[in-house]
Amino acid sequence: MFFPILLFSLLTFTATIQAATFDILNQCGFPVWAAAVPAGGGRRLGPNESWRIDVPAGTARARIWGRTNCNFDGSGRGRCQTGDCNGQLVCTGYGQAPNTLAEFALNQFNNLDFVDISLVDGFNLPMDFSGCRGIRCTANINGQCLAELRAPGGCNNPCTVFKTDEFCCNSGNCSPTRFSRFFKERCPDAYSYPKDDPTSLFTCPGGTNYRVVFCPR
(Lines of atoms letter the chains of each structure in order from A and count residues from 1; the text may use other names and numbers.)
(Lines give C-alpha, C1' and ligand atoms only; values in the text may rest on other atoms or scores of the structure.)
Protein backbone atom coordinates (compact mmCIF):
# COMPACT_ATOMS: atom_id res chain seq x y z
CA MET A 1 0.00 0.00 0.00
CA PHE A 2 2.95 2.37 0.49
CA PHE A 3 3.66 3.14 -3.15
CA PRO A 4 0.05 3.85 -4.27
CA ILE A 5 -0.43 6.13 -1.25
CA LEU A 6 2.85 7.92 -1.97
CA LEU A 7 1.91 8.35 -5.63
CA PHE A 8 -1.51 9.73 -4.68
CA SER A 9 0.11 12.19 -2.28
CA LEU A 10 2.56 13.39 -4.93
CA LEU A 11 -0.20 13.85 -7.49
CA THR A 12 -2.33 15.75 -4.97
CA PHE A 13 0.61 17.98 -4.05
CA THR A 14 1.37 18.69 -7.72
CA ALA A 15 -2.26 19.64 -8.43
CA THR A 16 -2.31 21.87 -5.37
CA ILE A 17 0.75 23.89 -6.33
CA GLN A 18 -0.58 24.35 -9.86
CA ALA A 19 -4.02 25.57 -8.78
CA ALA A 20 -4.50 29.34 -8.91
CA THR A 21 -5.84 31.76 -6.33
CA PHE A 22 -7.80 34.76 -7.60
CA ASP A 23 -8.26 37.78 -5.35
CA ILE A 24 -11.18 39.88 -6.62
CA LEU A 25 -11.35 43.44 -5.27
CA ASN A 26 -13.97 46.14 -5.73
CA GLN A 27 -12.43 49.62 -5.68
CA CYS A 28 -15.52 51.26 -7.18
CA GLY A 29 -17.43 53.73 -5.05
CA PHE A 30 -20.54 51.53 -5.32
CA PRO A 31 -21.41 47.83 -4.90
CA VAL A 32 -20.37 45.38 -7.59
CA TRP A 33 -21.74 41.85 -7.78
CA ALA A 34 -18.66 39.86 -8.77
CA ALA A 35 -19.15 36.74 -10.89
CA ALA A 36 -16.78 33.86 -11.66
CA VAL A 37 -17.48 30.86 -13.91
CA PRO A 38 -16.92 27.90 -13.80
CA ALA A 39 -15.34 28.25 -10.34
CA GLY A 40 -16.67 30.67 -7.77
CA GLY A 41 -20.23 31.60 -8.75
CA GLY A 42 -20.96 35.09 -7.49
CA ARG A 43 -20.91 37.46 -4.54
CA ARG A 44 -21.82 41.04 -3.67
CA LEU A 45 -18.79 43.24 -2.98
CA GLY A 46 -19.23 46.63 -1.36
CA PRO A 47 -16.59 49.31 -1.91
CA ASN A 48 -13.12 48.01 -0.96
CA GLU A 49 -14.44 44.51 -0.24
CA SER A 50 -12.64 41.50 -1.69
CA TRP A 51 -13.37 37.86 -2.49
CA ARG A 52 -10.83 35.07 -2.84
CA ILE A 53 -11.51 32.01 -4.96
CA ASP A 54 -9.38 28.94 -5.67
CA VAL A 55 -9.53 27.73 -9.26
CA PRO A 56 -8.50 24.12 -10.00
CA ALA A 57 -5.52 23.42 -12.22
CA GLY A 58 -6.52 22.85 -15.84
CA THR A 59 -9.62 25.06 -15.71
CA ALA A 60 -10.34 26.50 -19.17
CA ARG A 61 -12.89 28.82 -20.79
CA ALA A 62 -13.15 30.67 -17.48
CA ARG A 63 -14.07 34.27 -16.83
CA ILE A 64 -14.55 36.80 -14.05
CA TRP A 65 -16.68 39.90 -14.41
CA GLY A 66 -18.56 42.50 -12.41
CA ARG A 67 -22.32 43.03 -12.43
CA THR A 68 -23.86 46.41 -11.69
CA ASN A 69 -27.16 47.76 -10.37
CA CYS A 70 -28.36 44.40 -9.09
CA ASN A 71 -31.29 43.51 -6.86
CA PHE A 72 -31.62 39.99 -5.41
CA ASP A 73 -34.09 38.47 -2.99
CA GLY A 74 -33.29 36.19 -0.08
CA SER A 75 -33.17 33.14 -2.34
CA GLY A 76 -30.57 34.72 -4.62
CA ARG A 77 -32.94 35.48 -7.49
CA GLY A 78 -33.13 38.89 -9.15
CA ARG A 79 -31.65 40.92 -12.00
CA CYS A 80 -28.62 43.08 -12.82
CA GLN A 81 -28.51 45.97 -15.26
CA THR A 82 -25.18 44.72 -16.70
CA GLY A 83 -23.54 41.30 -16.59
CA ASP A 84 -26.68 39.47 -15.44
CA CYS A 85 -26.39 35.66 -15.40
CA ASN A 86 -29.93 34.33 -15.80
CA GLY A 87 -31.15 36.22 -12.75
CA GLN A 88 -28.91 34.34 -10.32
CA LEU A 89 -26.71 35.73 -7.56
CA VAL A 90 -24.44 32.67 -7.82
CA CYS A 91 -23.66 32.38 -11.53
CA THR A 92 -23.49 29.03 -13.29
CA GLY A 93 -23.37 30.48 -16.82
CA TYR A 94 -21.83 33.45 -18.60
CA GLY A 95 -23.12 36.98 -18.10
CA GLN A 96 -25.18 39.16 -20.38
CA ALA A 97 -23.46 41.87 -22.42
CA PRO A 98 -22.23 44.48 -21.87
CA ASN A 99 -19.61 43.28 -19.40
CA THR A 100 -15.84 43.69 -19.12
CA LEU A 101 -14.27 40.23 -18.85
CA ALA A 102 -11.15 38.78 -17.27
CA GLU A 103 -10.70 35.51 -19.16
CA PHE A 104 -8.28 32.68 -18.43
CA ALA A 105 -7.31 29.08 -19.11
CA LEU A 106 -4.94 27.47 -16.60
CA ASN A 107 -2.15 24.94 -17.17
CA GLN A 108 -2.54 24.66 -20.91
CA PHE A 109 0.19 24.17 -23.56
CA ASN A 110 3.63 23.86 -21.89
CA ASN A 111 1.85 24.30 -18.52
CA LEU A 112 1.19 27.96 -19.31
CA ASP A 113 -1.81 30.00 -18.20
CA PHE A 114 -3.45 32.07 -20.93
CA VAL A 115 -5.02 35.31 -19.68
CA ASP A 116 -6.70 38.36 -21.17
CA ILE A 117 -9.13 41.21 -20.65
CA SER A 118 -11.87 41.07 -23.26
CA LEU A 119 -14.22 43.77 -24.53
CA VAL A 120 -15.73 41.38 -27.08
CA ASP A 121 -18.85 41.35 -24.87
CA GLY A 122 -18.68 45.12 -24.43
CA PHE A 123 -17.67 47.18 -21.40
CA ASN A 124 -19.31 48.02 -18.10
CA LEU A 125 -16.49 48.50 -15.54
CA PRO A 126 -12.80 49.51 -15.63
CA MET A 127 -10.61 46.52 -14.77
CA ASP A 128 -7.09 45.51 -13.83
CA PHE A 129 -6.10 41.84 -14.21
CA SER A 130 -2.65 41.07 -12.83
CA GLY A 131 -0.51 37.99 -12.26
CA CYS A 132 2.98 37.66 -13.68
CA ARG A 133 2.15 40.84 -15.59
CA GLY A 134 -0.59 43.45 -15.46
CA ILE A 135 -3.37 44.01 -18.00
CA ARG A 136 -5.51 47.11 -17.63
CA CYS A 137 -8.56 48.68 -19.21
CA THR A 138 -9.38 51.88 -17.36
CA ALA A 139 -10.57 54.29 -20.05
CA ASN A 140 -13.88 56.13 -19.74
CA ILE A 141 -15.51 53.90 -22.34
CA ASN A 142 -19.02 54.30 -20.93
CA GLY A 143 -18.78 58.07 -21.15
CA GLN A 144 -17.27 58.01 -24.66
CA CYS A 145 -19.35 55.14 -26.05
CA LEU A 146 -20.40 55.45 -29.68
CA ALA A 147 -24.09 56.25 -30.10
CA GLU A 148 -24.83 52.93 -31.83
CA LEU A 149 -23.36 50.93 -28.94
CA ARG A 150 -24.76 52.75 -25.93
CA ALA A 151 -26.58 50.58 -23.40
CA PRO A 152 -27.95 51.21 -19.90
CA GLY A 153 -24.96 50.98 -17.56
CA GLY A 154 -22.41 50.15 -20.22
CA CYS A 155 -21.17 50.14 -23.82
CA ASN A 156 -22.25 47.24 -26.02
CA ASN A 157 -20.17 45.20 -28.40
CA PRO A 158 -21.30 45.46 -32.03
CA CYS A 159 -22.25 41.75 -32.23
CA THR A 160 -24.96 42.27 -29.61
CA VAL A 161 -26.33 45.24 -31.54
CA PHE A 162 -26.03 44.16 -35.19
CA LYS A 163 -25.83 40.32 -34.95
CA THR A 164 -23.92 39.95 -38.22
CA ASP A 165 -20.93 37.73 -39.00
CA GLU A 166 -18.80 40.82 -39.63
CA PHE A 167 -19.03 41.64 -35.93
CA CYS A 168 -19.82 38.26 -34.34
CA CYS A 169 -17.18 36.37 -36.35
CA ASN A 170 -19.16 33.12 -36.29
CA SER A 171 -17.36 31.98 -39.46
CA GLY A 172 -13.96 32.63 -37.85
CA ASN A 173 -13.10 35.08 -40.61
CA CYS A 174 -13.37 38.69 -39.46
CA SER A 175 -11.27 41.83 -39.34
CA PRO A 176 -11.09 45.02 -37.27
CA THR A 177 -13.94 47.48 -37.72
CA ARG A 178 -14.48 51.09 -36.71
CA PHE A 179 -16.25 49.74 -33.62
CA SER A 180 -13.38 47.47 -32.59
CA ARG A 181 -10.92 50.32 -33.19
CA PHE A 182 -12.94 52.47 -30.77
CA PHE A 183 -12.27 49.91 -28.01
CA LYS A 184 -8.66 49.20 -29.04
CA GLU A 185 -7.63 52.86 -29.03
CA ARG A 186 -8.80 53.18 -25.44
CA CYS A 187 -7.63 49.81 -24.09
CA PRO A 188 -4.71 48.61 -26.26
CA ASP A 189 -4.09 45.44 -24.20
CA ALA A 190 -7.71 44.24 -24.31
CA TYR A 191 -9.49 42.14 -26.92
CA SER A 192 -11.48 44.46 -29.17
CA TYR A 193 -12.87 41.80 -31.54
CA PRO A 194 -12.73 37.96 -31.58
CA LYS A 195 -9.53 37.60 -33.68
CA ASP A 196 -7.49 40.13 -31.69
CA ASP A 197 -5.11 37.49 -30.26
CA PRO A 198 -1.66 38.90 -31.22
CA THR A 199 -1.97 42.04 -29.08
CA SER A 200 -4.38 40.85 -26.40
CA LEU A 201 -3.57 37.29 -25.26
CA PHE A 202 -0.84 36.85 -22.63
CA THR A 203 0.76 33.93 -20.79
CA CYS A 204 1.95 33.29 -17.26
CA PRO A 205 3.60 30.18 -15.75
CA GLY A 206 1.19 27.59 -14.41
CA GLY A 207 0.64 28.08 -10.69
CA THR A 208 0.61 31.89 -10.89
CA ASN A 209 -1.85 33.61 -8.56
CA TYR A 210 -3.97 36.49 -9.86
CA ARG A 211 -5.76 39.66 -8.84
CA VAL A 212 -8.81 41.17 -10.55
CA VAL A 213 -9.70 44.74 -9.55
CA PHE A 214 -12.87 46.60 -10.54
CA CYS A 215 -12.33 50.37 -10.89
CA PRO A 216 -8.58 50.20 -10.18
CA ARG A 217 -7.03 53.37 -8.79
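The backbone N, Cα and C atoms fix where each Cβ goes, glycine too.
Unlike curated records, TrEMBL annotations are generated automatically.
Residues or ranges marked as signal peptide in TrEMBL: 1-19. The disulfide bond annotation in TrEMBL covers CYS28-CYS215, CYS70-CYS80, CYS85-CYS91, CYS132-CYS204, CYS137-CYS187, CYS145-CYS155, CYS159-CYS168, CYS169-CYS174.
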Cβ neighbour count (10 Å, all chains) around CYS85 (disulfide bond) is 22
Cβ atoms other than its own within 10 Å of the Cβ of CYS91 (disulfide bond), all chains, total 24
Packing count at CYS80 (disulfide bond) (other Cβ atoms within 10 Å of its Cβ): 26
Got a sec? Which of these disulfide-bonded residues, CYS70, CYS137, CYS145, CYS169, CYS215, has the most Cβ atoms within 10 Å? CYS137
With the fewest other Cβ atoms within 10 Å, the residue among the disulfide-bonded residues CYS132, CYS159 is CYS132
If I take the alpha carbons of CYS155 (disulfide bond) and CYS187 (disulfide bond), what is the distance between them in whole Å? 14
Nonlocal residues around CYS28 (disulfide bond), in sequence order (Cβ under 8 Å, 6 or more apart): PRO47, GLY66, LEU125, PHE214, CYS215
Counting Cβ neighbours within 10 Å across all chains shown, tell me which of the disulfide-bonded residues CYS168, CYS174, CYS187 comes out on top. CYS187
Between the disulfide-bonded residues CYS155, CYS204, where is the Cβ count within 10 Å the lowest? CYS204
I'm trying to understand the geometry here, so how far is the Cα atom of CYS132 (disulfide bond) from the Cα atom of CYS70 (disulfide bond), in Å to the nearest whole number? 32
Can you name the disulfide-bonded residues among CYS85, CYS91, CYS137, CYS145, CYS159 whose CA is within 10 A of the CA of CYS169 (disulfide bond)? CYS159
